[in-house]
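Enquirer: One structure coming up, written as structure tokens, with questions to follow.
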């Protein structure tokens, strides 16, 4: 399958998909509970969609998805970096609760590079594990990023199928000191990035998104034919640097190589929604599209996206780092063309999915996600005016309540990094706000009205009545949160070269096993 897909052009794929669709002849009857599809992009910014103002208008399928469903304009991730935000989505819990953070240094973002020893805790309950209670079959397509050692992989954590990789598509590496990253089909590797799964760093060409699309479409078709409820977690990573796209999309965007990747992902979303309609299961399938964190502005104009009017980007707890594009689609249930101002986040997808499936959430732990079905189904215009918590590592950096956001700490990145050319806020420096030292404001937080000032440029005057009233409103929320917070055991503290992807399961069959070095664990260093 892999080699065939790699040769397939986009027009061929459309025809291939259509033939499969029509071969099923008649529509399949709806079943209950509904199927669930979560599409999680990688480093795609709020400002990358035409429906949210991107002027090149190169996302027609996502724009149409929004026209047919509900657009969330106040949707957040749980962390400004990929691994913790993905852990939060699948557990419904803040990373500081589920253990996807570090205590090695204050307020540092941490993730799961090859040398990480830890991964998703065995004490956490993931969404696919819960969905099994109602007979769901679950598949992840794309990037996992919750740990690459055997006990942390998807099939050990509730998923029934997997096509993709445990890490991002970094490389190529010299296998004498760092192995190239494996791509798995279920529990065994199929090959490695840059070896068997090509990514041309010079041209940006790769067929990975087409492979991920084919895997998703095939899974949907099989489950529809079997009349089994399914959960598809479609986690394509083409918009993470180094960005890539297949040949039919390269050079087609006005936005460079990053725009080409966005166009191919938009096309893929359209193909998945078309497949659901073609199979006659669209009214029994809830689909949600979003991103894991804000656009990576440090990757520059060719390899990074747009966060629209919001300040800074990935790695920061300013709006550009954590406010995400988000669209819910469920024909016959969600009213067309709705725009919701409801503050929501990726952790809500855990709780909402359980509600749709008719499954009670776990009652032995605190969940940070809320059930969004009252908003989605127009049962209520608004849920409780829930707060949004912005964490960087183990530090509560900021809190949003209503339109107001209070910063208790500010930090973009260090002076040392900035001088070396790494800038998380290029062209967006705000004196006293985008600080390059970790700056504490606990006694007198910086407060912004995001309705008037989405770019977080003009802090409220501390002597103003508005500031005083807002602080009186937010302070009890912070106190209550901190009082009930029991941090999980940090999983991202230790590193070891010996745990890298030297000999993944299945490497023997392919002759791709490598000899690991001697184990010498150390405390990971997290500069951001």
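The backbone N, Cα and C atoms fix where each Cβ goes, and this holds for glycine too.
Found this in TrEMBL, in case it helps:
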- 1-25: signal peptide (SIGNAL)
- 34-359: domain 'Sulfatase N-terminal' (DOMAIN)
- 42, 43, 82, 292, 293: Ca(2+) binding site (BINDING)
- 82: active site, nucleophile (ACT_SITE)
- 82: 3-oxoalanine (Cys) (MOD_RES)
- 145: active site (ACT_SITE)
- 207: N-linked glycosylation site (CARBOHYD)
Enquirer: If you count other C-beta atoms within 10 angstroms, which of the recorded positions 207, 293 is the most crowded?
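Expert: Comparing the recorded positions 207, 293, the most crowded Cβ belongs to 293.
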Enquirer: Please work out the number of neighbouring Cβ atoms within 10 Å of the Cβ of residue 292 (Ca(2+) binding site), leaving out its own Cβ.
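Expert: Residue 292 (Ca(2+) binding site) is surrounded by 29 other Cβ atoms within 10 Å.
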Enquirer: In Å, rounded, how far does the Cα of residue 42 (Ca(2+) binding site) sit from the Cα of residue 207 (N-linked glycosylation site)?
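Expert: Here the two Cα atoms lie 17 Å apart.
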Enquirer: Hey, which of the binding-site residues 42, 43 is the loneliest by Cβ count within 10 Å?
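Expert: Relative to the other binding-site residues in 42, 43, 42 has the fewest Cβ atoms within 10 Å.
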Enquirer: Around the Ca(2+) site (42, 43, 82, 292, 293), what further same-chain residues have their C-beta within 8 angstroms of the site's C-beta centre?
Expert: 41, 44, 77, 81, 85, 237, 240, 291, 296, 314
Enquirer: Rounded to the nearest Å, what's the C-alpha distance separating residue 293 (Ca(2+) binding site) and residue 207 (N-linked glycosylation site)? Just drop the number here, would you?
Expert: 24
Enquirer: Based on Cα distances to the residue listed as 'active site', point out the closest of the recorded positions 43, 82, 207.
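Expert: That would be 82, nearest by Cα distance.
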Enquirer: Within the chain of residue 82 (Ca(2+) binding site), which residues six or more apart in sequence place their C-beta under 8 angstroms from its C-beta?
Expert: 42, 43, 111, 143, 145, 168, 240, 292, 293
